[in-house]
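Notes to accompany the following structure.
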Amino acid sequence: MQRHLISAADLTRDDAVQILDTAEEMARVADRPIKKLPTLRGRTIVNLFFEDSTRTRISFEAAEKRLSADVINFTAKGSSVSKGESLKDTAQTLEAMGVDAVVIRHGASGAPYRLANSGWIDAVVINAGDGTHQHPTQSLLDAFTMRRRLVGRDAGIGQDLSGKRITLVGDVLHSRVARSNVDLLHTLGAEVTLVAPPTLLPVGIETWPCEVSYDLDATLPKSDAVMMLRVQRERMNAAFFPTEREYSRRYGLDGDRMAKMPEHAIVMHPGPMVRGMEITAEVADSERCTAIEQVANGVSIRMAVLYLLLGGNQPAVTHTRVEEK
Amino acid sequence: MDTQASDARPVLEGPDIARVLTRIAHEIVERAKGADDVVLLGIPTRGVFLARRLADKLEEITARKIPVGSLDITMYRDDLRMHPPRALARTEIPGDGIDGRLVVLVDDVLFSGRTIRAALDALNDIGRPRAVQLAVLVDRGHRELPIRADYVGKNLPTSLRETVKVHLVEEDGRDTVLLGVKPTQ
């Protein structure tokens, strides 16, 4: 595996399967009376969140604490960033404190890459979502959920998702989740179809390793998993569709549409859900919707990623400050 | 680590291993006065197979079902930071748990004792057994911690230049314990 986790596209099939297998063992820790492992004792991890987040931040924090790491939480609000401090200065402040890993969420695409490759810090960088670019741990937890549901908990060990038909529906243009998922699912051998109004598909979509459709009803019967994406109004500065009502009638998932899916197929949502927009309450609360399961799986996946990046001597012991002593 | 050097010689063969496990099973029953509350936990990889074989023998002797599971110690190792991260193995605790039971840890080779220390730490996070005992197929000496085995298949005096490799049918296709010499670099 590479030293940092910046993009789902950087993962090979074997890397990804190893992360999923490790997460399967990590998941068992949640069933224990003492949900803690000593593995990352003495490692310091900073959660650097320049953008709002509930699930991802809490999930990373839970994973770090279950592995006994020391956790420092940083949010842009209430920090010197609001006084005008740059990413570089913030990063060097953390470096001076001897941080082993930085989990970063940033509104600008490429911020984690910059942090990892600028030479500002030695720490391992884990991307927790950057702009409209990537959200690799989300795609890993989605793949983990799919493998568990579509292949099986034990049967899935060592397996990828080859031949599984996955449909992603909605605001692909602004979705880092969609980008990461297309990359990772393709690596894992799944067949991915994107369904969205033409205005919500990015330029260059034809180069992505996936199919594109504008017709949700035609795609649903051929899907093993359907992932609904949130319409990201906070990133929209223009009218991408006439009305919300029209959007939800053409691209929203309701009970009637869900009935068209194969019996075994699951409905996924990375959260936060906007009920009544891309998904109806009926679907969101149904047995087939894995949104809550995805959150639980997120902790296991993040434990696996942290263990594989920080658990051994590569890269953490190459930390210059450690070697000086 | 596991050399397949041509001069590796077998010190235990299939029938020896079977006899040794039968003896250990009888010792467990004797010491635990019937093995009523015994839980066997094998340490992956080969300890798990040995634990299952021991459980079968114990069931023959006591005509009772013996709970058997596995205990992965990777996350508790004290040398984690000296190697790249290792793949994790399965931890499977039998349904009734280990609280108040007699846990017998099962491993193939007892060497430095560090694996067992890690196993004791791992057990600590899972429950509180009445007592913990240790059964090993081979004790090769050179302990680095104050740890000893309660049941030993074979005491094998070795030098640090030698290697001990256990092969089991389930994993390696045949039952044998090989004593070899570490290749000099």
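Placed from the backbone N, Cα and C atoms, the Cβ positions cover glycine too.
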Further carbamoyl phosphate ligand in TrEMBL, beside A:R55, A:T56, A:H135, A:Q138, A:G271, A:P272, within candidate set A:R28, A:R105, A:R233, A:R235: A:R105
Including all protein chains displayed, how many Cβ atoms other than that of A:K83 (L-aspartate binding site) lie within 10 Å of its Cβ? 6
Looking at the binding-site residues A:K83, A:R176, A:R230, which has the shortest Cα distance to A:R105 (carbamoyl phosphate binding site)? A:R176
Between the Cα atoms of A:G271 (carbamoyl phosphate binding site) and A:K83 (L-aspartate binding site), find the distance and write it as a whole number of Å. 31
Among A:G271, A:P272, which are binding-site residues, the residue with the most C-beta atoms within 10 angstroms of its C-beta: A:G271
Relative to the Cα of A:R176 (L-aspartate binding site), which of the binding-site residues A:R55, A:T56, A:H135, A:Q138, A:P272 has the closest Cα? A:H135
Residue with minimal Cβ packing [other Cβ atoms within 10 Å] among the binding-site residues A:R105, A:H135, A:R176, A:R230: A:R230
State the Cα to Cα distance, in Å, between A:K83 (L-aspartate binding site) and A:T56 (carbamoyl phosphate binding site), rounded to an integer. 25
Taking only the CA atoms, the spacing between A:H135 (carbamoyl phosphate binding site) and A:R230 (L-aspartate binding site), expressed in whole angstrom, is 15
